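Below are the features listed in TrEMBL for this protein:
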type	residues	note
BINDING	266-270, 306-313, 404-406	FAD binding site
DOMAIN	22-151	domain 'Photolyase/cryptochrome alpha/beta'
SITE	TRP337	site 'Electron transfer via tryptophanyl radical'
SITE	TRP391	site 'Electron transfer via tryptophanyl radical'
SITE	TRP414	site 'Electron transfer via tryptophanyl radical'
Amino acid sequence: IVPTVSSPACFALHPQVFIMAHVCIHWFRKGLRLHDNPALMAALRDCKELYPLFILDPYLYDQNRAGINRLRFLISSLQDLDCSLRKLNSRLFVVRGKPEEVLPKLFTKWNVTKLTYEYDTEPYSRSRDKNVTMLAEEQRIQVSYKISHTLYDIDRIIEENNGKPPLTYNRLRDIVKALGSPKKPIPAPTVEDMKNIAPFSEKHKPEYGIPSLEELGLDTSSLAEEIFPGGEQEALRRLDAYMQRTGWVCSFEKPNTSPNSLSPSTTVLSPYMTFGCLSARTFWWRLAEVYQGVSHSDPPVSLHGQLLWREFFYTASVGIPNFNKMTGNPACTQVDWDENQEYLAAWREARTGFPFIDAIMTQLRQEGWIHHLARHAVACFLTRGDLWISWEEGQKVFEKLLLDGDWALNAGNWQWLSASTFFHQFFRVYSPVAFGKKTDKNGDYIKKYLPILKKFPPQYIYEPWKAPRSVQQAAGCIVGKDYPKSIIEHEVISKKNIQRMKQAYARRPSGSTESPTKKQGNFVYFIC
């Protein structure tokens, strides 16, 4: 037993106070970074041996749940993190398995006395962490977690709203305004912070190395170029590049960006925040520096506003039971969605016959990222707009294919865009034809992702089925043979679906949901 301040006898024998030197595991999950990582800094205090650990949890990283682009982003992020740790004379240890099974074995194997991690709000994570904490405490291991994945303590926001999650963006803004600005980020650890910690041993490398995609059983032969490489260094590089564009940052308004530009018209920092390669607080305060003393856009459309949207959906996900489901979700309108597997497959596999929709879904599968308004278009098309398929099905596809498949944002935005929760103007439907034409009349985006249509003239590229047979022959693409016919007639089915949605709303209990205020408007954002 190590003497402590509360043990007077210790002072008689040893004048100086003894502090226990821990063998510590810092458990990386989402916070795959060194900057603004208070849980990691807590691990370094009074530490003699440090094991930075990542667990490939089969529940989170099964190939049916996480697609190859998402897994590639994860592996890149782990490699980057390992590289950064090695500069501090440490390294990353990677193991596979269920945390509840893996960690107790490592506690014993490494003689661990302390465990630290970043707090996670997802239901699965909260349950998992509760179980791991119980197992650690059974072995008399000290457990410490810190909040740094969100701007604020989400439970505190709910507490300030009388124990209920705010269901409008404006209400969320009022609460966080009263709480004050988010905490400022803390610096990354230095070699000086690690000076009393034993350096890692290379003997562990074969057993705890970062696996390749091939070692995870993935076929990489048809994998496209990695446009958005994972990792903290790439995240900070992208952040620096955008913060130097002060005029762009200050005038940024999310609705005024293009869903079908050939290169992203937004920051594409969302994947880096999803995996915690970039701290949301770091992003917030870098923006605050740019905004200082100059005119700039405001929430909800500004970049600060996007971070608050992220906070809004995180808060809703914690406070609303069964948040990623329709059944058992008290905030969600209960809709009699159809179960049409052919429609769902056509949407998922870019075979709807609507080039704008199919181009978006092709980009999603190839690159793992699509613009937020492109997400609006395909989400509305799948649900209330055209196919009348449950938002839960779309949520599953996005979770697998998106690099930024954030559980809370994904569920919240699918509910919003299906007009099930938060947003209730169900009569506002995105046209799968007219919407894309607004910003890309020539169809260059469609030509990039659906090259089979690249020879169609602009007047037909959004509706190739209207092209005369001679035009189709000249373009080398016969609709119904080389490219599918449209699976529905939008003008007819969308009107029918508005009536179905109206009936679903009529069945809702009175006062069961809150409607957005006039100021909140009609905007909703997948943070990207």
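Numbering starts at 1 and runs along the chain as displayed.
Quick reminder: no glycine exception, Cβ is built from N, Cα and C everywhere.
Just so you know, TrEMBL annotations never went through curation; they're auto-generated.
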Under 8 Å Cβ-Cβ from TRP391 (site 'Electron transfer via tryptophanyl radical'), six or more apart in the same chain: what's there?
MET326, TRP337, ALA379, LEU382, THR383, TRP414, GLN415, LEU417, SER418, SER420
Do you know the DSSP helix, strand and coil residue counts for the domain 'Photolyase/cryptochrome alpha/beta' (22-151)?
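Looking at the domain 'Photolyase/cryptochrome alpha/beta' (22-151) with DSSP, the answer is 57 helix, 31 strand, 42 coil.
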Quick one: of TRP309, PHE313, TRP337, TRP414, which of the recorded positions has the smallest count of other CB atoms within 10 A?
TRP337
Just jot down the residues in the same chain as GLY405 (FAD binding site), at least 6 apart in sequence, with C-beta under 8 A of its C-beta; none if empty.
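In sequence order, the residues whose Cβ lies under 8 Å from that of GLY405 (FAD binding site) (at least 6 apart) are ALA66, ARG70, THR274, PHE398, GLU399.
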Within 10 Å of each Cβ, count the other Cβ atoms and name the one among the binding-site residues VAL268, LEU307 with the highest count.
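Selected residue: LEU307.
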Please determine which of the binding-site residues listed here (THR266, SER270) has the lowest count of neighbouring CB atoms within 10 Å.
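Selected from the binding-site residues THR266, SER270 on minimum Cβ neighbours within 10 Å: THR266.
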Applying a 10 Å Cβ distance cut-off over all chains shown, what neighbour count does GLU311 (FAD binding site) have?
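Other Cβ atoms found within 10 Å: 26.
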